[in-house]
Amino acid sequence: MQSDDVIWDTLGNKQFCSFKIRTKTQSFCRNEYSLTGLCNRSSCPLANSQYATIKEEKGQCYLYMKVIERAAFPRRLWERVRLSKNYEKALEQIDENLIYWPRFIRHKCKQRFTKITQYLIRIRKLTLKRQRKLVPLSKKVERREKRREEKALIAAQLDNAIEKELLERLKQDTYGDIYNFPIHAFDKALEQQEAESDSSDTEEKDDDDDDEEDVGKREFVEDGEVDESDISDFEDMDKLDASSDEDQDGKSSSEEEEEKALSAKHKGKMPLRGPLQRKRAYVEIEYEQETEPVAKAKTT
């Protein structure tokens, strides 16, 4: 039979308790079912056969109750009741389940439930709040990011310098008043361009008309207008033709002599000694030029 006074005298005063922690001023209890965390007679979960406490598991609160009737069954020693997430309903559940428990235990259970609810709300707020997260980076990635930042900074400085320089040039009229170009001067330039294009078109039309007028007209040209260089070219061409004819005649005569020698050899006659004499063909070319005085007709 269980006796709470005997257990407390044994654990609390004389012998050793594995859940007890002593300090200079006070003793604490490390048992997971401890209601207040203090080591005293009313808060000890081992020395009280009728006991209750509140525990939190994965964001959900549970009410644990112990009675003396289940002391002989350690497997069924604690009864667990799930509490509502609504604070008022949870307090009502505590009152309903702890009707026959001491008032001290009922009050401490409500106090413990209130503290657990407060830190759960605090946890939810912190999770929803934006927080800094430290991410470890390798040295290689860190160097790469640093180089990229330096290049981006240089590019930004260069763009700013270019923009500043362009603004200064614009203020100093370096580009010759590009944006404030006078309209009358622009119109004058357009008129000059149109006049030049019209004059060029008229000249082309006049040339075309002259060409059309010259069609069908006859002109007589004097014989003396032929250049001497053209005549010399014609003479050179005639000489080339004559030399080619001579070569062809010489080749034909040599072929005939060779054929005669071969035929004589077949007939049993001795071939002629010595080199064969080739005959050269002489060609005489005469040029006749007739000059007649012709009056040149000039048209106006």
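Keep in mind that glycine also has a Cβ here, set from the backbone N, Cα and C atoms.
According to Swiss-Prot, of the candidate residues Lys55, Lys110, Lys260, Lys269, the site noted as SUMO2 cross-link is Lys55. When Lys125, Lys151, Lys164 are looked up in Swiss-Prot, the one carrying the note SUMO2 cross-link is Lys151; the rest have no such note there, which does not rule it out for them.
For Ser197 (phosphoserine) paired with Lys151 (SUMO2 cross-link), the C-alpha to C-alpha distance reads 53 Å. There are 10 other CB atoms within 10 A of the CB of Lys151 (SUMO2 cross-link), with all protein chains counted. Of the recorded residues, Ser200 (phosphoserine) and Lys151 (SUMO2 cross-link) place their C-alpha atoms 57 Å from one another.
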